[in-house]
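Pulled from Swiss-Prot:
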| type | residues | note |
| --- | --- | --- |
| BINDING | ASP36, ARG37, THR43, SER44, MET50, GLY307, ILE311, SER312 | FAD binding site |
Amino acid sequence: MDTVRIAVVGAGVIGLSTAACVSQLVPRCSVTVISDRFTPDTTSNVAAGMLIPPTYPDTPVPTLKRWFRETFQHLSEIARSAEAVDAGIHLVSGWQIFRSVPTEEVPFWADVVLGFREMTEAELKRFPQYEFGQAFTTLKCETSAYLPWLEKRIKGSGGLLLTRRIEDLWELQPSFDIVVNCSGLGSRRLVGDATVSPVRGQVLQAQAPWVKHFIRDGGGLTYVYPGTSYVTLGGSRQTGDWNLSPDAELSREIFSRCCALEPSLHRACDIKEKVGLRPSRPGVRLQKEILVRGEQRLPVVHNYGHGSGGISVHWGSALEATRLVMECVHTLRTPASLSKL
């Protein structure tokens with residue numbers, strides 16, 4: 001087999017980063033990204049894009065930390081390059097604050113971000129309702145820039161972007177030899193995974209250019225994340241809620257919570273409401289599977305279920321998915337091909 005034809009289903013940050021990795025690292029392959037929605041209409045476009053990873057009950061912390069470290073290193077290289085502005089990657093410093101001392105005073109990712117330390121008493125005076133805090137510098141990924149930048153890289157490597165709704169992965173055979181499923185919440189329908197479900201997130205995007213530092217409540221529900229074009233104010237976690245229409249009452253509550261952390265936000269203007277459905281799952285699904293139908297076999301690599309952590313671990317999980325794709329490619333190019341998969 002000469003050129004291996006690879007289809008990546010899904011065009012959010014997981015799909016595009018996986019396609020970019022495969023294009024870059026897998027020799028003699030063609031890559032086509034297939035999705036019914038591309039930027040700016042993906043869930044990833046609503047994401048605040050702060051690199052602060054969550055935990056998942058069924059994903060081991062060492063694995064999660066590796067993905068986060070690889071993602072942080074990848075984006076740090078971009079942030080130090082001339083591509084930083086086009087890719088929408090920059091450093092941002094700030095505080096994570098707690099009303100009481102957390103059980104885990106040092107999170108697993110503390111040695112990956114920059115300058116992680118406990119907040120001083122002087123810093124905590126800014127937040128009188130909080131008694132403990134952490135200060136650090138992390139990266140912010142502006143998805144409105146980063147997703148088009150990834151698309152450009154994919155096309156620059158000879159990849160294709162195809163707007164199409166896939167109802168069944170078997171539609172992609174025999175046109176493709178390997179399928180990479182990065183369909184996020186779509187995997188509930190596409191591969192019948194009932195463990196992936198929506199967690200509705202509503203945020204506000206406001207003009208407040210004087211806000212330079214991020215502020216994040218330790219629970220992660222309330223946050224103020226400054227970006228290059230606007231400040232993201234959040235947020236909500238509504239499990240099982242499929243509603244994509246903004247809730248005006250919730251917007252008022254979010255704004256009130258954020259103003260309690262940063263009173264100057266009362267002067268913010270041009271406030272927009274955004275809603276996204278996070279593809280939540282007990283653990284990220286990153287594995288190979290062989291679909292069998294009669295005599296036909298279709299190698300599939302799954303990479304979905306990142307919930308609120310997609311931006312934080314996208315490159316690390318894309319690298320792992322690419323390693324699985326390479327295993328599939330090796331088997332296809334070996335006599336007695338799919339029997340070993």
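Residue positions begin at 1 at the first shown residue.
Every residue, even glycine, has its Cβ placed from backbone N, Cα and C.
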If you measure every Cα to Cα distance among ASP36, ARG37, THR43, SER44, MET50, GLY307, ILE311, SER312, the residues said to bind FAD, what is the biggest one in Å?
-> 26
Three-class DSSP assignment, MET50 (FAD binding site), comes back as strand
Out of THR43, SER44, SER312, the listed binding-site residues, fewest other Cβ atoms within 10 Å surround the Cβ of THR43
Listed in sequence order, residues with CB under 8 A of ILE311 (FAD binding site) and six or more positions away = VAL13, SER44, ALA47, GLY49, MET50, LEU51, CYS141, THR143
What is the total of other Cβ atoms whose distance to the Cβ of MET50 (FAD binding site) is within 10 Å?
-> 22
For ASP36 (FAD binding site), the number of other Cβ atoms found within 10 Å of its own Cβ = 14
